């Protein structure tokens, strides 16, 4: 029964359109979100992600299309009557009220009986581990504590969906990392559908069950963090999520259903793809920095790898990042290796001649024509 509830759609956006004047932000936009999911709507500035959130919250009106919440059409339902709450970037806490009164505010607006308010507020504060702060003012709390109070206020009236609008961006790095974990744990505890809007791909990967990546008002890819990172649908997705190296390739022949022999930046090698290809077709081979293998070479040593030289290196604690410039065309690639201080071949020096290969099958192969 629980799995059936989790697989049940809680939000459906059907063919929605929104314009501001002559500028169409989203058009014929469709999205289904299931009950209990933590979904992140991700994308660069101007992609339409905040517009989608505001439409869900009822803060903007649709030009056309419909919004369905738990089977009910709420397209024309005002914001205050939707079972959807929003945590904004600013948290919007009332500075003159105590924490208790901040959390109780929504219940009082809904005319909840006084005898119900105290236990519900304390329960919400207990969920975010701030019950002992009930009598303090927001200015007496840290940024992370204010974040949790804003969430407590948003969940106290038991919404079906919680929207979070870039609500971690004001925190410092360490606190932001901590809150990412706390938010995910809280979402699991509450069982409420969370829809998180951000431009930060690291946040999206860390917290989400599912990422919806937008580009110019369209869905560029919809999938799990792992699917989007390891199997990007196109070059935009690959470049937006993490670092990526893009190699030019030319098909020589298909060897099997999964394997193509190709010339990749001058290296004749197998690449793994089941897409239809023809001889001399141009492809792009995408490799994450951690997928690439560096082999140190003497200046006159022969190798079947792609040859280049180290032009920069950055120690990052657990990893060593090296920038390699290819000899044949000056292209630069980023390589990330787990740092091992006992390995004499790990700490590459500037100017070192190297050969570049990769773990077979870890590459992503895209059709050159599809990656504009």
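Note that Cβ sites are derived from N, Cα and C of the backbone, with glycine treated the same way.
Annotation comment: Swiss-Prot describes 11-241 as domain 'ABC transporter'. Annotated ATP binding site per Swiss-Prot: 43, 44, 45, 46, 47, 48, 49, 50, in sequence order, evidence recorded as sequence analysis.
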(request) Check the domain 'ABC transporter' (11-241) for me and report the mean pLDDT. (result) 90
(message) For the binding-site residues listed here (45, 50), tell me which residue's CB has the most neighbouring CB atoms inside 10 Å.
(response) 50
(request) Restricting to the same chain and to sequence separations of six or more, state which residues have a Cβ under 8 Å from that of residue 49 (ATP binding site). (result) 41, 42, 43, 197, 198, 199, 214
(message) Other residues near the ATP site, CB within 8 A of the CB centroid of 43, 44, 45, 46, 47, 48, 49, 50?
(response) 199, 214
(request) Identify which of the binding-site residues 43, 44, 46, 48 has its Cβ surrounded by the largest number of other Cβ atoms within 10 Å, counting every protein chain shown. (result) 43
(request) Taking the Cβ of residue 47 (ATP binding site) as the reference point, list residues of the same chain whose Cβ is under 8 angstroms away and which are at least six residues distant in sequence. (result) 214, 215, 216, 217
